[in-house]
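What TrEMBL says about this protein:
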TRANSMEM  21-48  transmembrane segment
TRANSMEM  54-76  transmembrane segment
DOMAIN    135-166  domain 'Palmitoyltransferase DHHC'
DOMAIN    195-289  domain 'Palmitoyltransferase DHHC'
TRANSMEM  210-229  transmembrane segment
TRANSMEM  249-274  transmembrane segment
REGION    367-387  region 'Disordered'
COMPBIAS  375-387  compositional bias 'Acidic residues'
Ligand SMILES: [Zn+2]
Ligand SMILES: [Zn+2]
């Protein structure tokens, strides 16, 4: 028992060390990402775009892709994931199990498409029911279902997906932000009540931007590789000789971006496919892992596990995630138009994180797993390991 506890403590020490390294590396990842995507765009627009045919068609299209790639990266680092605050009071005259979505409680700024709809239960195909709550044993807040405690941010995050080592500014620059906010009180870039962090979780309010950033990054990288393969091979010494390199950007930088774009289109493409699959299943990354365990538990009891957040069709789940109307699917009373996916703008989720859309017939929760059997953040803690 003593040996097991020692091993567990060693493991936890390494895990916390890993968290610290991830936290400290955040600003470097950001700087790296900003420099590389900026260089990629510079290479594309100065070297490759002039070589494309149909400039009237291709130029606006390429500008749109670049705007979305940079815009969603800005938004995923800038929009807070949705930290758990006090629960919103149920609206008067509406039973707690039928509470509609209410306004998101984070700043309504940064290229916001429109304010979220006010409480309205009519329309929309998703049945939104009030979430069950638990108390976090680490930060003691009352939190709704799907919220998890992030060890790096040390806070509970609504619809926690994962912690990504991205952020906006290193800590020594944090002091700048309030001053900028005072000077520019309505500037959407610097909302006063949104202090930047070193790292950022991906949660309810920025998950859409995270997925769209990956999607536009993949599109951008594929477009880069497709339009530059001839020049790239030439620089590498194959095919056409590129001895007269008369561009401002050195050929070595172009080559670096060319190789990086090829690697990224594959690596981020796989990540994107994984995320789209979890979204189509009505899960987050954490829930995908948990649901595997629940499936096995249910199987042992000869029952079938049903994820209540899965509305029954991949397209409906995707429509709900992006809060857009896809064909006849209208996830919420006032979904955003489908073409909102083409613009780098803030779009609110369908819920405030304290109510969730569930599959018809599963309004009380998942099937095959009982309340209390569900995995918690504390599950990983060794029993009696804390004084
Ligand atoms: Zn917590
Ligand atoms: Zn975090």
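For all residues, glycine too, the Cβ spot is worked out from N, Cα and C.
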Cβ contacts under 8 Å made by the transmembrane segment (210-229) with residues that lie 6+ beyond its boundaries: 37, 40-41, 43-44, 47-48, 51-52, 62, 65-66, 68-69, 72-73, 75-76, 161, 164, 202, 254, 257-258, 261-262, 264-265, 268-269, 271-272, 275-276, 279, 321, 341, 344
Summary of DSSP states over the domain 'Palmitoyltransferase DHHC' (135-166), given as helix, strand and coil counts: 0 helix, 13 strand, 19 coil
Segment-level pLDDT (mean, integer) for the domain 'Palmitoyltransferase DHHC' (195-289): 86
